[in-house]
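These features come from Swiss-Prot:
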type	residues	note
CARBOHYD	98	N-linked glycosylation site
CARBOHYD	137	N-linked glycosylation site
CARBOHYD	167	N-linked glycosylation site
DISULFID	197-209	disulfide bond
DISULFID	217-226	disulfide bond
DOMAIN	256-289	domain 'EGF-like 2'
DISULFID	266-277	disulfide bond
DOMAIN	291-329	domain 'EGF-like 3'
DISULFID	295-307	disulfide bond
DISULFID	335-348	disulfide bond
DISULFID	362-371	disulfide bond
DOMAIN	374-416	domain 'EGF-like 5'
DISULFID	378-388	disulfide bond
DISULFID	383-404	disulfide bond
DISULFID	406-415	disulfide bond
DISULFID	427-439	disulfide bond
DOMAIN	453-489	domain 'EGF-like 7'
DISULFID	538-553	disulfide bond
DISULFID	555-564	disulfide bond
MOD_RES	666	phosphothreonine
REGION	743-773	region 'Disordered'
């Protein structure tokens, strides 16, 4: 049996392996191809000829298709191998082709849809190339000397399904409609067509297949391959070759093979397993053929005789009175001396005229037809519960010599039967039955059987029209509406449930209540809001908003007032905005105070933000201006220090440097460009004009006349001759205190007043020792210094000379030539010869 199963399994596996050769196919169904202009993918005419005037192609295309199916590619390579296959069709038409008529193209060897069978598990993705070519010589190669009309590239995820997926591709000149799908071959199932299942009903299996390819056994078959039949239900010791069959194993029998076969020759026995013999009661022996209880099995004694087993299948019978024989089969009809029918010393008397032919006179204490019954007397105490009385035999109960008087609850000849006076129970309504049959009634009932319900309403009166209802050992008052309590003495207060809504006041009435409503509400329970808008109080197109005990009018543009009966003097825009916001807020259920608060905040918050922005802007601007002012003052202070340095040096070189720095606007815009080796000069990179050193008092008047021609703020540079005079009005303009945080040039050597020795030409050119002997002037000196020292210059209001004249003055001073008048002329720009 085992080798048959192995052979069956091997055959099935071999069949499955051999038949897995193709699992499904990809199908492409071409439907419509349109190329109305007869052009290729580059816009050229397929025929190569066109109308010169209209540009219309004169000829038509001869269209064939090439289809290539391959594995999924993120970027489709049109030149690589078609891994799933490719198909080249014959010429199917000209410019436009209707491919839905499959019968039309069968003669050309073209089958639509185009199928690409595969013998692997479908991966779920694909790449498809569909090309339309123009063929001029109807060759088999679609790409040789042909023109490409259209190329379609498709890459998609596609599941196995019998439904077609419709697509359409359009280009500048062409369009193509097509369908595609993937289906499994017959007997292949699953998402990849990889599960094989073939229906069969033969010796190798009996099954069908589900939609997913699972094996489903036919009725009556089971097993992995549905090759095992299901035997009849209850078949215990059997097998089957067909469904619902039960072929018994050796030693079993019956429809369900549940009966064992007895040992051969077993007569009076059973079995619980094959080939056994279990003897029935009264039988023994190897085959259960020996009778061990003849009396029980055969009952040989008749006429009431008693049988006794004597062993080995033998027995004896004890006959009842009046009978005789081995089996007590003979009835006695006379007083035979050998067989006396009367027992217990009874005397037999022949009476031929009777049926039995004799009669027995029993001895004292016995009775019965054959004197077989003992006569009892009171001495035997036969009465169990009663009183015993001796009587003559035959007069008592059943011929006995006594008679019993039974007490209540007992009966029977011997008072041994207890009477059940409570069965069935005579007491009703829950009464308790006593052994004597008397009923003890529960409270509320009376009578022999507790059948009477005591009227508990007697002596109890219900008030206010209530009705008394009698109950078991109690009563209940059914009150009329409006009253309650045990005797209906209390009035129902319907106001306890607070039926009045919206603050209404409740007044209790008889079985009713009355609500006194607040202003603005009405109804039985004050739940109805009175619509104050029902009368149309709003005029001039105003919208009425119902309120509690009031109304509110949302006025149209141009009107105001409680009822919109006044013309509005506010702007239309403001009214519309205000009332629109108010309407929306009130529609949202806000109170007037909330609406006002929201309106104030909606206006105030943007205003506060604008004010804060303005304050920040002004503070920044103020800081910027203060910074610029401090920077300007610092620059001015540094420039004055620079001029003072030139005066201190007293040389033509220093003046020339000052002229170059102060008058160099035609050069670079770098401002002051003193020698970087001079530590006493701070360079000015802003190229601003500075206040120069004052000239002599005599030059002040001439400077005032030439002030208009100066480009700077008007000032003079002293000549070398003036420098030689110790009492000259020449001085350095006083320096002002700088308010700027920037560092100033406070070198103490800058502000020494020139002495006669230090102001000589030698000192100017060589820087003699007199330069260090003059009085030191503090950088932070008083502002009145120059005005006290040179009152004439202060009166003229001259601060300095322009940079261009300063250069000329420096030249004259450096050479030592020219008079003071010439020097002044050069400085102020007035030519004097």
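Cβ atoms here come from the backbone N, Cα and C positions, even for glycine.
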State which of the following disulfide-bonded residues has the fewest other Cβ atoms within 10 Å around its Cβ: 226, 371. 226
State the Cα to Cα distance, in Å, between residue 226 (disulfide bond) and residue 209 (disulfide bond), rounded to an integer. 12
PLDDT averaged over every residue in the domain 'EGF-like 5' (374-416): 79
Per DSSP, residue 404 (disulfide bond) is which: helix, strand or coil? strand
Counting only residues at least 6 beyond its ends, the same-chain positions whose CB falls under 8 A of a CB in the domain 'EGF-like 2' (256-289) are 232, 234-238, 246-250, 296-297
DSSP-wise, what's the residue breakdown of the domain 'EGF-like 3' (291-329) into helix, strand and coil? 5 helix, 14 strand, 20 coil
Could you list the residues of the same chain, at least six apart in sequence, whose Cβ is under 8 A from the Cβ of residue 348 (disulfide bond)? 335, 340, 341, 342, 358, 359, 360
Roughly how many Å lie between the Cα atoms of residue 217 (disulfide bond) and residue 167 (N-linked glycosylation site), rounded to a whole value? 41
What are the DSSP helix/strand/coil residue counts across the domain 'EGF-like 5' (374-416)? 6 helix, 11 strand, 26 coil
Which of 277, 383, 553, all disulfide-bonded residues, has a Cβ with the fewest other Cβ atoms inside 10 Å: 277
Residue pair residue 538 (disulfide bond), residue 439 (disulfide bond) - Cα distance, angstrom, rounded: 89
Same chain, |i - j| six or more, Cβ under 8 Å of residue 295 (disulfide bond); the result in sequence order is 301, 307, 308, 309, 315
Neighbourhood of residue 378 (disulfide bond) by C-beta distance under 8 A, where only residues 6 or more apart in the same chain count: 388, 389, 390, 402
Which of 197, 307, 404, 415 (the disulfide-bonded residues) has the most other Cβ atoms within 10 Å? 404
Cα-Cα distance linking residue 362 (disulfide bond) and residue 209 (disulfide bond), given in Å to the nearest integer: 97
All chains considered, the count of other Cβ atoms within 10 Å of the Cβ of residue 406 (disulfide bond) is 20
